[in-house]
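Only one structure is covered here, and it is reproduced in the block below.
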Amino acid sequence: MPTMWPLWLLASLLALSQALPFEQKGFWDFTLDDGLPMLNDEEASGAETTSGVPDLDSLTPTFSAMCPFGCHCHLRVVQCSDLGLKSVPKEISPDTTLLDLQNNDISELRKDDFKGLQHLYALVLVNNKISKIHEKAFSPLRKLQKLYISKNHLVEIPPNLPSSLVELRIHDNRIRKVPKGVFSGLRNMNCIEMGGNPLENSGFEPGAFDGLKLNYLRISEAKLTGIPKDLPETLNELHLDHNKIQAIELEDLLRYSKLYRLGLGHNQIRMIENGSLSFLPTLRELHLDNNKLSRVPSGLPDLKLLQVVYLHTNNITKVGVNDFCPVGFGVKRAYYNGISLFNNPVPYWEVQPATFRCVTDRLAIQFGNYKK
């Protein structure tokens with residue numbers, strides 16, 4: 001009998017070493033993209049280790065018994081959410097790759113809170129009370145790629161973010177200013193979500209985004225009255241919904257020729273200057289719903305790749321036969337698969353069928369009753 005116990009232990013360890021990585025259902029789903037899929041990291045940046053799962057094979061397997069009191073630890077995932085913690089717990093295994101501290105009462109990140117966690121890939125601090133971060137708090141995190149620190153009490157973007165960072169979620173804080181240089185050295189960053197902060201246009205210092213090669217940027221639910229200047233020209237997605245933007249002027253979109261999705265819904269836009277959209281040759285989706293437009297924006301027929309246009313809940317009173325589709329054949333490379341015009345004061349019976357000659361299917365056109 002005594003000789004059997006080591007064999008049983010060895011078999012258990014072998015089974016554990018071959019187990020699949022822990023997967024937390026719904027863990028990454030913060031429903032920030034209005035039901036539209038975002039580029040995964042590998043597609044967006046071309047980086048080798050930016051998939052949604054850490055590269056566990058590159059790490060030496062260890063099976064440490066270290067686990068903070070009250071937390072759940074499995075392989076390299078340490079889950080300490082919803083515990084009422086006042087500070088970052090101690091005794092976190094140094095081989096941890098994912099640390100979940102969301103929904104606690106942590107108010108400060110101190111210098112040595114993450115000491116020794118050089119393999120950490122994702123850090124989740126959502127929904128705490130963090131208002132103070134030591135300038136060297138993130139220094140040990142040399143492999144950190146995802147930092148989720150939304151729904152806290154931050155008044156500034158944390159200093160000295162790890163240069164390995166790919167994704168920063170910092171929405172729903174109290175940030176009013178984005179100073180120049182705050183993102184310096186972050187060459188791998190491709191996604192920033194900073195909506196839900198009281199940011200005005202004047203809060204962005206010139207050069208605030210210098211050096212960044214972002215693919216995705218969201219500054220929704222802020223206090224913007226116009227499209228911010230000098231955003232990264234590498235952007236594929238820009239979401240500025242739920243602001244107070246009143247107009248799109250000619251030069252506003254000049255530098256964003258790589259955009260394929262532009263979100264400007266739920267603003268106060270009355271006017272889009274002629275020619276403004278001509279700077280977006282790769283645009284595929286345009287969201288202008290819930291604004292104050294009185295007509296369909298000019299320039300849509302020239303956007304050869306445009307497939308989705310949201311114009312519902314505006315003040316549009318007329319739809320012309322050439323508002324969406326180019327004159328002639330073979331000009332548009334991708335047909336529309338979604339045009340929403342419902343909740344506009346348009347006499348729909350006057351809209352000519354030829355207006356939608358470049359739409360894949362009549363079901364892709366959404367009309368509806370207008371209610372004052």
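Glycine residues also receive a Cβ, built from the backbone N, Cα and C atoms like all the rest.
Automatic, uncurated: that is what TrEMBL annotation is.
It should be emphasised that the depicted structure is a prediction, and the values quoted were computed from it without experimental measurement.
The disulfide bond annotation in TrEMBL covers CYS67-CYS73 (among others).
With a 10 A radius on its CB, CYS80 (disulfide bond) counts 24 other CB atoms from all the protein chains. What TrEMBL lists as disulfide bond is CYS71-CYS80 (among others).
Under the heading disulfide bond, TrEMBL lists CYS325-CYS358 (among others). Cβ contacts within 10 Å of CYS358 (disulfide bond), excluding its own Cβ and spanning all protein chains shown: 18.
Per TrEMBL, domain 'LRRNT' is recorded for 66-98.
Taken from TrEMBL, the feature signal peptide applies to 1-19.
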CYS80 (disulfide bond) and CYS73 (disulfide bond), distance between Cα atoms, whole Å: 9
Average model confidence [pLDDT] within the domain 'LRRNT' (66-98): 95
Listed in sequence order, residues with CB under 8 A of CYS67 (disulfide bond) and six or more positions away: CYS73, VAL78, GLU91, SER93
Same chain, 6+ residues apart, C-beta under 8 Å of the C-beta of CYS325 (disulfide bond), given in sequence order: PRO301, LYS332, THR355, PHE356, ARG357, CYS358, VAL359
